[in-house]
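As recorded in TrEMBL, the features of this protein are as follows:
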- 17-36: transmembrane segment (TRANSMEM)
- Gly25, Val28, Asn32, Asn265, Ser344: Na(+) binding site (BINDING)
- 48-70: transmembrane segment (TRANSMEM)
- 97-124: transmembrane segment (TRANSMEM)
- 151-168: transmembrane segment (TRANSMEM)
- 180-198: transmembrane segment (TRANSMEM)
- 267-287: transmembrane segment (TRANSMEM)
- 308-325: transmembrane segment (TRANSMEM)
- 331-353: transmembrane segment (TRANSMEM)
- 395-415: transmembrane segment (TRANSMEM)
- 436-458: transmembrane segment (TRANSMEM)
- 478-503: transmembrane segment (TRANSMEM)
Amino acid sequence: MDNVERVEERPHFRNRLGLICSCLGSVVGTGNIWRFPRILASNSEEQGGLVFLIAWVLFLVLWSSPMLLIEYGTGRYTRKAVIGSFRHIIGDGATWCGAWITMVTFLISCYYSVVLGWCLYYFVYMIGHDLPETAAEGEKIFQDFAEHSNWPILTHAIASSLAGLAVLRGVSTIEKTNMFLVPLLLVIILFTFVWSLTRDYADVGIRFLFTPHWDSFGEPRLWVDALSQNAFDTGAGMGLMIPYASFMTINNNIVKYGILIPSINNLISLICGIMLFATVFSTMIALEPTISKPGILDIMKQAGPGSTGLTFIWIPVLFSTIGTFGRILCVLFFACLSIAGVTSLVANVEMVTHTLYDFGVPRKFGMPCTVLLLFLGGLASALNLDVLTNQDFVWGFALVINGFMLQIMVVTYGSRKFREEMFNRYSLGDWRLPRVWEWLVKIIAPLEALFIIGWWAYDLIDGEAGDEEKWYEFGRETLVITVVQWGGLMVLLFSINMIYLCCRRSEGEDTVRLLGQKDLETSATEKVISYKDVQL
């Protein structure tokens, strides 16, 4: 009875709109407006970028939605963060898997906070300065700030602190904030999108974007980027929805959320991609009518290391064409982009803080620790764009490993049992999760992960990818630098997990559960607690 009373007092989302906005806010942000257009530009070829879009949409169906459904079901069932969920579902021996997902998301958060700091800087800068009218002017502003000053350290600290403050107050503050800010962001993005379509020669950029370069189908890097970008876009594999879903009840339609929210999110990314291509092509053709399409694409790819400055260089140029009102819109755009970035970072910080809470650390202590570690972890990225590009390459692709571990959890627990217990038996007014989802999780998704990782590694070694860097060099985007960072983290977490198990055994504890061993004595009680609404 005490357990049930404790759960009934647990905070949860009070409003369906607030829940949807919070889930959207956790993923709609700089990943859509900053990362997607630059990845799209990097994977476009002489004839166009449609092949990347095809692969990207394909992975929404075959990867992102199935992984997000695992997260929603796991969080609502266990009422814990990622590490606690892995321990609860498949045993203490799998703790390191949950820790891996948590750490990968945390490391992404470190450089994500830096990019959010850029948004905050541009918001303030555009209030007091004229908008750049050319790409050269926009590039100079970006380089002076991001590459030739220490301002990114301060803005990174501010971004980390803002996310921490939102987490400190809990789910109620997150819900109310997102209900106001996310719709406002979407309205401004939609307005900007429509305006970009009205510019002269915008149709040239749009036609280029939706023109296929069929030879790209054989490029491993394109498929790797399409999968990792879709996972980054939707948050699939980050584990962000596990702590969020822990605040959900039987009345929340998690199957609908797992399918519709990532679809809406990807639509927003596509809108941002169209907006950027229309803007860049129309601006460059107006300045230099004889410039070729491949020439414009090369300029887009050169907007900072890994095209990191694409949005920050070209969005102000777009708004400068509107006149005085354009400056107001530019300020609002970066204000809302900053806000959207904060809501996304809040979900990341919440996951780590919730993890510490599961281990007995009060939120008022866990949040400051998380923010401090977040700031320290992002310092190198704040000081050097090459480091940020490397971290985005290494840990963005690691989301594929995250998804693979979620798949292992489902298969170990039993995919049919997982589908019935987490979804179909405990949902009111939700769609039933079909059996095809089991095949996606058990067979198709694991094969996707193994095939793409293997193909990508082979291509890097063969010398056909990697931006002319040798695969064995400690470069910005090489195989060795990726394997070293992945391997180091994996060995560390696995070793800690094994030491923990050995210590518990040496202390004579009989409750240590290895991989796949469920604690049958407590499972019934936990299920009643997790789904108390069924009995009400």
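Each residue, glycine too, has its Cβ placed from N, Cα and C.
Mapped onto this structure are the features recorded in TrEMBL.
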{"residue": "Gly25", "record": "Na(+) binding site", "Cβ contacts under 8 Å, 6 or more apart": "Thr177, Asn178, Leu181, Val182, Ala340, Thr343, Ser344, Val346, Ala347"}
{"residue": "Val28", "record": "Na(+) binding site", "Cβ contacts under 8 Å, 6 or more apart": "Val182, Leu185, Leu186, Asn265, Ile268, Ala340, Thr343, Ser344"}
{"residue": "Asn32", "record": "Na(+) binding site", "Cβ contacts under 8 Å, 6 or more apart": "Asp233, Asn265, Ile268, Ser269, Cys272"}
Notebook entry, point to check: Counting only pairs 6 or more apart in sequence, are there at least 3 Cβ pairs under 8 Å between the transmembrane segment (308-325) and the transmembrane segment (180-198)?
Noted result: yes
Check: DSSP on Asn32 (Na(+) binding site), three-state: which is it?
Finding: helix
Item checked: Candidates 17-36, 48-70, 267-287; stretch with most C-beta pairs under 8 Å toward the transmembrane segment (395-415) -> 48-70
Check: Do any residues of this chain, six or more beyond the ends of the transmembrane segment (151-168), have a C-beta under 8 angstroms from a C-beta of it, and if so which?
Finding: 113-114, 116-118, 120-121, 145, 174, 177, 341-343, 345-346, 348-350, 353, 363-364, 367-368, 370-371, 374-375, 378-379, 382-383
Next item on the list: May I ask you to check whether the transmembrane segment (331-353) and the transmembrane segment (48-70) make contact, with contact taken as at least three Cβ pairs under 8 Å and only pairs 6 or more apart in sequence counted?
Entry: no
Margin query: Six or more residues beyond either end and a Cβ under 8 Å away: which residues meet both conditions relative to the transmembrane segment (17-36)?
Written below: 112, 115-116, 119, 174-179, 181-183, 185-186, 189, 229, 232-235, 240-241, 244, 248, 252, 257, 261-262, 264-265, 268-269, 272-273, 310-312, 337, 340-341, 343-347, 392
Next item on the list: Six or more residues out from either end of the transmembrane segment (48-70), which same-chain residues have a Cβ under 8 Å from its Cβ atoms?
Entry: 39-41, 207-214, 216-217, 222-223, 225-227, 229-231, 233-237, 241, 254-255, 258-259, 261-263, 266, 270, 277, 403, 406-407, 409-410, 418, 423, 433, 437, 440-441, 444-445, 448
Note to self: Quick check: which same-chain residues outside Gly25, Val28, Asn32, Asn265, Ser344 lie with their CB within 8 A of the centre of the Na(+) site CB atoms?
What the structure shows: Leu24, Ser26, Val27, Gly29, Gly31, Val182, Ile268, Ala340, Thr343
Notebook entry, point to check: What number of additional C-beta atoms lies within 10 angstroms of the C-beta atom of Ser344 (Na(+) binding site)?
Noted result: 25
